[in-house]
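Visitor: Let me begin by handing over the structure; questions about it come next.
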Amino acid sequence: MNDDLRISQPHAGTRTETASAEAELAPLSGEDRLSSFYAGCPVALFTTTPAGRFIDANRAFARLLGYADHTQFLDLPVPGFYADQRQRQEIMRILDQEGAVHGYEVEFVRLDGTRLWVSITARAIRDATGRVARYEGALEDVTPRRMAQDLMRLSDQRFHLLAKATNDTIWDWDFTTGTVWWNENFERTFGYRLDDLEPGPESWTGRIHPDDLERVSRSIHDAIDGTATTWSGEYRFRRADGEYAYIYDRGLVLRDATGKAVRMIGSMMDATLQRRQQILLGWQRKVLEMIALHQGIEETLEVLCRDAEELSAGRRFTVLLASDDGRRLLHGAAPSLPASYNKAVHGILVGPRAGSCGTAAHRRAPVVVEDIATDPLWADFRQLALPLGLRACWSTPIVSSKGEVLGTWAVYRSAPGAPTPADEEIVRVATRLAAIAIERARAERALRESREQLAKAQEVAHLGSWSWDVAAGKLDWSEEQLRIHGLPSESGGVRPDAAIACVHPEDRARVAAELEALLWRAGSGEMAYRIVRPDGATRWVHARTEVERAPDGGPARMLGTCHDITEQRQAQRALQEKEERLRAALDASATGTFRWIPATNELDWDENLDRLFGLPAGATARHIDQFTGLVHPDDRERVLEALDRCVHDGADFDLEFRVVWPDGSVHWLLDRGRMLRDAEGRPLTMTGACTDVTERMNAELALRQRADELARLTEALQRMNRELDQFAYVTSHDLKAPLRGIANLSQWIEDDEGERLSDVSKRNLELLRIRVQRMDALIDAILAYSRVGRIRVPTEVVAVGPLVDEVVDLLSPPGGFRVEIAGQLPSVVAERALLQQVFMNLIGNAIKHHPDKGNGRAVVSCADAGSHWRFTVADNGPGISPRFHDKVFIIFQTLEARDRSEGTGVGLALVKKIVESSGGAVALDSDVGRGAAFSFTWPKALV
């Protein structure tokens, strides 16, 4: 039989088990009754081909092997059901020689992986030629009998003979005593000394993998507590070295006459090698599928590490990737290590003492560090690893097909030690898979970068490309080709006829004819033409085209580039227009151009220069001496020196000078020229232009005269200000001295004649002193008013809030009068003393003019007014009638009689002058009986 063949679907005569109700009720033919009996027969029946494929099987066969129905295994090969292929080979030999087999017992594998013993009875059905057409047979489950027979043979002698003869581990669990007996294979298989084992079932359950324990315990207790006579299961079992073995375990439950389980005997088969091979194959297939499906390199390496950790308990795996220059190792994957560790080792240098990985990459060979705590290779890194419980690290370089180190594969253990053969096998497989994945990722990245660079270069150069498969009629355009034609990149391209339709109607016939001719002639071609985009915009392109020939000489493929030269064409057109405008501008602005050859002193200029020198048109100077003869005598030497510097020093000619016209008038010219030189630096030709600047020079002369006059007036004004300051000082001193005398005399009179003076006289003397004080304050206010705007002191950034607090402290409001600040006050740039004076006057007025100072209140606030801050001082005083609002800011103006008011009439005028000189404005909002709100603005742009 051909074991490689797969089972086909059931043949056309196979009955399904889901027939409709109507069909079941219909009368059955003989064939239908036979098919119905076959399907419902309690004996497991089957039919197979000589090639090892199922033709049919009934429900009893499916149930026996753990399937819901026969359709679930029709795609599986028949040999896959045999636990031992040698048994199947023996059955096939008997069938081929004898034509039938009776009661041959073999071990089968069920769907869930468990095994059972069956008795096979089968025969070979031959066709007319004598060849085997099919095999028909039946299965009988003999597992209970087999196990009973096995256990009966072992029961009297404690299975010694069988236990020694088998590679399996035999166990005997006595439920009455609660003890478990193990044969010698337990020690050979798992490494434990039998004398050290626990006597009860904990010697078994205590070593089952935690992830499998609940499932296995539940299944075995279901068998013990139920009516089952057999049990089987697969799980991981811990060896003495801490590694886990994959176990296939079978047991027979022995019961007493009442059906109670009293004993269970079984055998454990170490299936680690087979299981490991299956897992390794599945692991490789999974990773290779991810690579084939272009999964990301990070995700692929992550899966590679995680699956390796499932295969190797107690191990943690990492991948570090080599940098492009190969000098560093970068984080690739480490699913079971903390991010802090991965970050710390990211970018480590490759070197002879760079831990396990850096050293492995440096040596290009595996590096095994059995104890991180003592190995000198980890001297610079052990402080990172030991706190995480990492004690051993084995690293292997990941090498490409060309021998290049792509990275490293590392294995970490929590205990010191060397790698086992199983570890080495994992490393071999993992490094090979990682190399494939990394090489694929690098190749894809290189291809992607190459395409991106090409696309970027084409975009920068406005150069598209295309190819046309002539035989297939397929036209491919690059992204830039699509962009040039105004088409979206996702369109992928256009049909050849649609591509020709993109050409401007006036150029279309020419382009089509040129392409058609190029198909049948040797060489390449190029042409410029216009295209029309979908939005109607017209662009100029320059196309180059080549044709690849088929073996028969005919056209196979046409390749080409398309360069957008619209800006170039526009620039050429703009240059032509600019030259035309320049010539027109030169003519309109009376600017002349010239050319001078120093070697011969030949001079040539245009008619505009004739006019600039006052010569008749056509009377062009032909020699440099003619030119210098027209220069003003006072400027001639300066012009000759400039020409000499231009010839010998390489300087440009840039000079303003005067020329004398034939009629004797003098004119100013601006002459600029540049010398062209040969490869050795020798002067060849000077070209330049000359413009009449007479009006500008006259204007500059007038401006200089005006500037001189302004400087003289400024000096006079400053002198007058100094004299005014001196006068103000003298006036203040001369006026205040008599006032102080008057005040002192009145006080002396009152002191000397106090008892003889009448009350009226005392009152008059007091009024005299009050008016002297008012006069003194008035003189100070007038002097302050006069200084505003004339005397400047450096400005500074002033915090207004603290400034207002200082003002309130200086004013010392009477008890009961409250001065409050609403919200935050900003900082401004100001002369601190002047801003303080403003708040002093406004808050002082609020206090001074309040009729009930014990209940008075003034509030200082600020609001954003765009480019300015608006400060407001509002009180609850008597208020001011709107008809007096303009009057209050005029100097010496008061709203009360002089005898009733303490004011000088200067305070608010001084506020207005300070604010306006600083770029702000003042305002008043008030009416009689509702208080007054004085506000002013202050610039904030400089803060």
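Keep in mind that glycine also has a Cβ here, set from the backbone N, Cα and C atoms.
Whatever TrEMBL says is automated annotation, not expert-curated.
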Visitor: Which range, 433-460, 517-544, 797-824, 909-936, does TrEMBL list as coiled coil?
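Guide: Range annotated as coiled coil by TrEMBL: 433-460.
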Visitor: For a three-state summary based on DSSP, what are the helix, strand and coil counts in the domain 'PAC' (102-154)?
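Guide: Secondary-structure composition of the domain 'PAC' (102-154): 12 helix, 30 strand, 11 coil.
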Visitor: Please list the DSSP helix, strand and coil residue counts for the domain 'PAC' (653-705).
Guide: 12 helix, 30 strand, 11 coil
Visitor: Summarise the model confidence on the domain 'PAC' (525-577) as a single mean pLDDT, whole number.
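Guide: Per the prediction, mean pLDDT sits at 86 for the domain 'PAC' (525-577).
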